[in-house]
Amino acid sequence: MALLYSLCCVSFSALVIVALYVSPVVSTSRRVLGDYGKLENGFRVTLKHVDSSKNLTKWERIRRGIKRGNHRLQRLNAMVLAASGDSAEVQAPIVAGNGEFLMDLSIGTPPNSYSAILDTGSDLIWTQCKPCTQCFDQSTPIFDPQKSSTFTKLSCSSDLCEALPQSTCSDGSCEYLYTYGDYSSTQGVMATETFKFDSVSVPNIGFGCGEDNEGDGFSQGAGLVGLGRGPLSLVSQLKEPKFSYCLTAVDETQKSLLLMGSIASANESLGEMRTTPLIRNPSQPSFYYLSLQGITVGSTRLPIKESTFALEDNGSGGVIIDSGTTITYLEQAAFSVLKKAFILEMKLPVDTLSSTGLDLCFTLPSGSTQVEVPKLVFHFDGADLDLPAENYMIADSSSGVICLAMGGSSGMSIFGNVQQQNMLVVHDLEKETVSFIQTQCQNI
């Protein structure tokens, strides 16, 4: 089955792909979530893409995101190797780190504002702290715990200290070391502080006060906010079993959103909700694993063995949903089948010369304003996710190509944020489910 799409020229020499199909009915009225976005048991914060402040074209942002995504994929694979005992080189526990979206928040009393990278692939909340033995440059003042009346160091016997992958004890205080797969790291003391999200202040949040922070990839923000499934993450510490986000396309001026607590599911009436269960991986307990059972391109269910996406007994393989990875990566055998299906269905010449950073591109017909692309459906357990065309095809008028926004991987597969754009993605940790509602983020 093919869909007809309109192409129209916009700024930055990019092309917008507009699907000519009937989407779920969405209310155009803005929902009021209380003063400053606050409800009794939750809050909302806006997110911005890490490259939003840079004067970049859409394709430059995509290429930068793909490069970061490749590095992140390497980190994730290193984590799997470390957990399975297959790597002799790994000396310390590794976490994913980095991400594609920033959130604004404040720490301490009086509050000290900064931006942090949002990461659904890790748990620890941390920021740079004085005195710094080594800190990277950040646009806001580095947090000074001596100037905050609510800063308290955590003891070595605290639950959060014991939840760390690696810690030491110094003068009764808990010290941490978080190592990332590219050998970046953050090291410092564990403490509790009052954090402020938009207008909502939350006391006694455990975090890492980083005094030695090394490596690439952190300079977009002044630290990380982990939203993983482990006890150190923000969602776990808030004891709010739900959070959701809606991510806009990388070239959109509209801000993305993060909703925590009761308001995370307050917008479930926006459209049809498709729900799939979460899977637990004991060797990687922080990740949100999904059961991907198959993929349809056009009207054909691809001949991919269901075991291709299965989680192995040693913790390898499987599929995670991740906001911090730009494009979707499929296990290489499955991606090869997918590529062949798209080449067959697109009926356009394969482009081998452009430097888009993507594996499969096609040459656009000269002067064309419309192009047919095949439907793409991800068959998750209990949820068939029929993606809008702009969530998997990206066109570029300057180079005259249209590309599949997906790639291949070895072992783990990742459902990335391009495929999630303009969807409300609801994580329910109590029911252990993830739900998808196709919408426009400005309607939330």
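Positions of Cβ are set from backbone N, Cα and C atoms, glycine also.
Residues or ranges marked as active site by TrEMBL: ASP119, ASP322. Residues or ranges marked as domain 'Peptidase A1' by TrEMBL: 101-437.
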Fill in the blank from the handout: Taken over the domain 'Peptidase A1' (101-437), the predicted model's pLDDT averages 91
Problem - Length of the line joining the Cα atoms of ASP119 (active site) and ASP322 (active site), in Å - result: 8
Exercise for the section: Only counting partners 6 or more residues apart, tell me which same-chain residues put their Cβ under 8 Å from the Cβ of ASP322 (active site). Expected result: ARG72, THR120, GLY121, PHE287, TYR288, ILE414, PHE415, GLY416, ASN417
